[in-house]
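A.B. asks: Quick one: the structure is below, questions incoming.
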Amino acid sequence: MRYHGREVDVEGRMRLVMESTLTARDRVGVQDFVLLEKYNSEAAFIENLRRRFGENLVYTYIGSVLVSVNPYKELEMYSKQQMERYRGVSFYEISPHIYALADNTYRAMRTERKDQCIMISGESGAGKTEASKKILLYFAVTCPINEHMATLGDCLLQSNPVLEAFGNAKTFRNDNSSRFGKYMDVQFDFRGAPVGGHILNYLLEKSRVVHQNQGERNFHIFYQLLEGGDDDLLTTLALERNPQSYNYLVKGNCPRLSSVSDKKNWKVVMKALSVVGFTEEEVQKLLDIIASVLHLGNIQFGEGEEGETYITTETQMTNLAKLLGVDVSALGEALTHKKLTAKGEEMISALNFEQAMSTRDALAKAVYRRTFNWLVEKINQSLALKEEIYHSGKGCTVIGLLDIYGFEVLQHNSFEQFCINYCNEKLQQLFIELTLRSEQEEYETEGIAWETVQYFDNKIICDLIEEKHKGIISILDEECLRPGETCDVSLLEKLEDTLGGHPHFVTHKLANGKTRRIMSREEFRLLHYAGEVNYNVDGFLDKNNDLLNRNLKEVMCQSDNQILSHCFRRKEVADHRRPEMAATHFKNSLMKLMEILKSKEPSYVRCIKPNDAKQPGRFDEVLVRHQVKYLGLMENLRVRRAGFAYRRRFEAFLQRYKPLCPETWPNWHGGLADGVSTLVNHLGYNAEEYKLGRSKIFIRFPKTLFRTEDALEAKRPEIALTLQTSWRGYRERAKFQRIRRAVITIQSAWRGMKARRRAKRRRQAAELIRKLIKGFIYRHEEYCPENEYFLDHVRCSFLKNLRKNLPKSVLDRNWPTPPPSLVETSEHLQRLHRTNMVTKYCRRVQPEWKKQMMQKVIASEIFKDQKDSYPQGVGRLFLDSRLEREQINLKVVQTLGNDKVQYGVSVVKYDRRGFKPRARQLLLTNTFAVLIDRTKIKQRVDYAALRGISVSSLSDGMFVLHMPNEDNKQKGDVVLHCNHVIELVTKLAMMASKVNCVNISPGSIRFLLARGKEGIIDFVRGPELKVSKGKRGHLLVIAPQTNVT
Ligand SMILES: Nc1ncnc2c1ncn2[C@@H]1O[C@H](COP(=O)(O)OP(=O)(O)O)[C@@H](O)[C@H]1O
Ligand SMILES: [Mg+2]
């Protein structure tokens, strides 16, 4: 396999590629110093820090140690979403963060059920307290909540502002510098919910109460009270609002801070006090004490003639005594006199001016320190486990948070710096011990030969300081206790005597020429693991003695301020044994702390301050190098890198890099160790590059890992493609399967329904058939259950059939044959239907048509079955007239006058004698008919006089109008022929009301001639119409045969 990796830049420029960054946001430098190729190079180390800091990546790991650079600005990386992001995620999977450390610690506590501690160190202003607050907040937000302890989270969080108000101050380095060391335990129940807490505090810098360096301030609470307290409160406390009025607040010449609002914080603190559980009375007493310290600072002394001192500020004294709750004169006495016990006798001696001043200051410091201790105690009471079940300690695990001052080197280093740096030596020792121990344990469990790690063990320095009888602290104590004149210089001499020759101890006298030049005579130098520090012995004895005059203590324990009477116990006064010296006390409490820390699994946060100006974006390399050195970070790295740069559990390693080897991709089915060894063989690792433990692979050089990473990076698109295609395939397949399942479901449901329907229909059909057959069998019985369906069906189908086949016309006589049971009904229906049809028909008939019909009815009455030409004649339309208006001569019309012509037709008249045919018009009026020969009316026939009308039964058009015969003047009957004989005769008969007088003769018609004589017309059937004279003077009419159907 070929690698396309970039080479490691020799000049400390970090590679852009490293394992954990691949998934993380940041690709600047290395996220873990362990992966730094030149791990011995401080320059490379600092360059990595600088580059990351430039990109606001303030966190970097050294293995499991978190290095944090103070950004001095709000970063958007502490939100709740971010907390969620880090929750339950493996330490190395995501960019370094304080939350990752917190989460990891929390999970280790839960899964291994082992107490944990997080040690935060760094110099003042490096961000220790902020880090501890972030960790606490992370727990408060992400841990489950125990319903009984819902307020505990608040208490834990709110204890901070209280402690900060009383224990923090603005210093040269940090506007909110913690002036005490803090170790805080958070207790969790078996479900991982926080249920209690406990705080241990170390070495409050009480000298600050009475003195501050230029530009620094006293503890915040004094300024907060003066700024934020309302007028009433200040009056009660006899205070003025101006900090300049108080000697203890003016030393540093810095009453206000731009970055901190005392007024706002006052409110925060007051609220926090109540959340944490301070009663109003307690708060009042607390403020009395704070005010009393201010007043104490303003107490002034005068010097009498005999060197005795007296108090010059009476009002201050009264206020002070009132606030402290003590007797004013007793207090005044105690501030100016000292009680000595010599040879069992008590003696009072007056203090000189300086002594009185320092007694005053000592009281202020003692009061403040003890009050601070009381405060911590009080907070502990509210944080304490309340539930009985937890008291046993069973089921309860602890995460400790140590926020302690880092290594401190000032221009002028005194007792405090000595203690602080001693503390750091101890912590470094613990670190080495624990790291090496865990390293060694890991090698052992993994079955890898232990290789000696080259590192500096600072035990020698710890011993130098703390060893019994021989250590600096012992000598210091001894010197304090030694009777006779003791002074700081004699201490130095003693130290020189005892420790001279120790490789880590130098004084002016012991030093070589070069060192001597830069050391003053009052100094001794310790070569700490982090560097050299010169301590000035001035004040060492006093500070270590830390004595408060007995008579002052006596006064204080009479106080009616409960807090003070709690802080100054009578027992203490009664106890004549010497109390523990400050250094010894500190040493002992450190020992205890070490025990506590050793019993827990440690994690480390190392804080670094990027510049002294508290400015964002500025990276002062000199300053950082200094801190990297003092924090022992290079040591850290060396120890961590002593053997192998990188180690990971087999499964994690295989999981990550398996795409790089065909045998392990996509899945390795054999044992993990075999898988890893197949993989590394394929990758071509040399034997010295790696070792396989029992469950982990150890890679010696970062470059090996980087090479592998680069290969993975190059492989990534391919993997992505594979993943993409298989994911798409999977998704589509799943979709297809889903659709298919749905289709099948729908199909089967539909088929089922169809089948059920069919079965139902079949069942119904069978039932029906059965019923019909049964009904058929019983059809002749009475209507009974057996045949009811059949009969109903027959009826129903008859009616249905009838409805479809009703006769359409009146003439249609067809009618379906009804079943027996419906005969009567059927008849009714038939009648009804006919009536209905007739009615409808009649309604439809127009007047014209009615007239026509009436004429036809008459025609039928007259001719039906009587005359051959009837069927033909009746079939034709009867016209209103066969003559057009203009065919009738105008003269005729005029002659007729009022008698309107109703009907006119051309006829042939046969003379009575000789039967000569003559063309005439026959006109009918309402009362008579006339025969017209062109313009002349030839004959008028009154209807009233008309005797009858005769026609033959054949198809001819002959007809005879029978005229009255009694009148001889008449010319006789009129013989006429008309082509429309049926029509004409019908009309005439109707008009003349002679319907009954139409006579149809079959063979011949007799008619009258003039004067009573008779003529005869004979009718025979022949081929065609012919009218001719026949035998015996008869008229012979041959009528054609008509096809009567
Ligand atoms: N993570 C951080 N983000 C933003 N500002 C910070 C952070 N850590 C520290 N600071 C700033 O630095 C100041 C000093 O931090 P602090 O924790 O008080 O230092 P230390 O306790 O180490 O003396 C804080 O008041 C704050 O302004
Ligand atoms: Mg702090």
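The backbone N, Cα and C atoms fix where each Cβ goes, glycine too.
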A.B. asks: Please find, within the list 590-612, 659-681, 705-727, 912-934, the residue stretch that TrEMBL describes as region 'Actin-binding'.
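C.D. replies: Region 'Actin-binding', as annotated by TrEMBL, spans 590-612.
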A.B. asks: Near the ATP site, what residues other than GLY122, GLU123, SER124, GLY125, ALA126, GLY127, LYS128, THR129 in the same chain have a C-beta no further than 8 Å from the centroid of the listed C-beta atoms?
C.D. replies: ASN70, ASN174, SER177, GLY406, CYS607, LYS609
A.B. asks: Under 6 Å from ligand 1 by Cβ, which binding-site residues from GLU123, GLY125, ALA126, LYS128?
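C.D. replies: Result: GLY125, ALA126, LYS128.
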A.B. asks: By a simple count, how many Cβ atoms lie within 10 Å of the Cβ of GLY127 (ATP binding site), its own Cβ left out?
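C.D. replies: Total other Cβ atoms inside 10 Å, all chains included: 25.
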A.B. asks: Just name the most isolated of the binding-site residues GLY122, GLY125, going by other Cβ atoms within 10 Å of its Cβ.
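C.D. replies: Comparing Cβ neighbours within 10 Å for the binding-site residues GLY122, GLY125, GLY125 has the fewest.
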A.B. asks: Filter the binding-site residues GLY122, GLY125, ALA126, GLY127, LYS128 down to those with CB closer than 6 A to an atom of ligand 2; keep them in sequence order.
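C.D. replies: Going through GLY122, GLY125, ALA126, GLY127, LYS128 in sequence order, those close to ligand 2 turn out to be LYS128.
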A.B. asks: What three-state secondary structure does DSSP assign to GLY122 (ATP binding site)?
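C.D. replies: DSSP assigns GLY122 (ATP binding site) to strand.
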A.B. asks: What's the number of neighbouring CB atoms sitting within 10 A of the CB on ALA126 (ATP binding site)?
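C.D. replies: Total other Cβ atoms inside 10 Å, all chains included: 25.
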A.B. asks: Out of SER124, THR129, which of the binding-site residues has the smallest number of neighbouring Cβ atoms within 10 Å?
C.D. replies: SER124
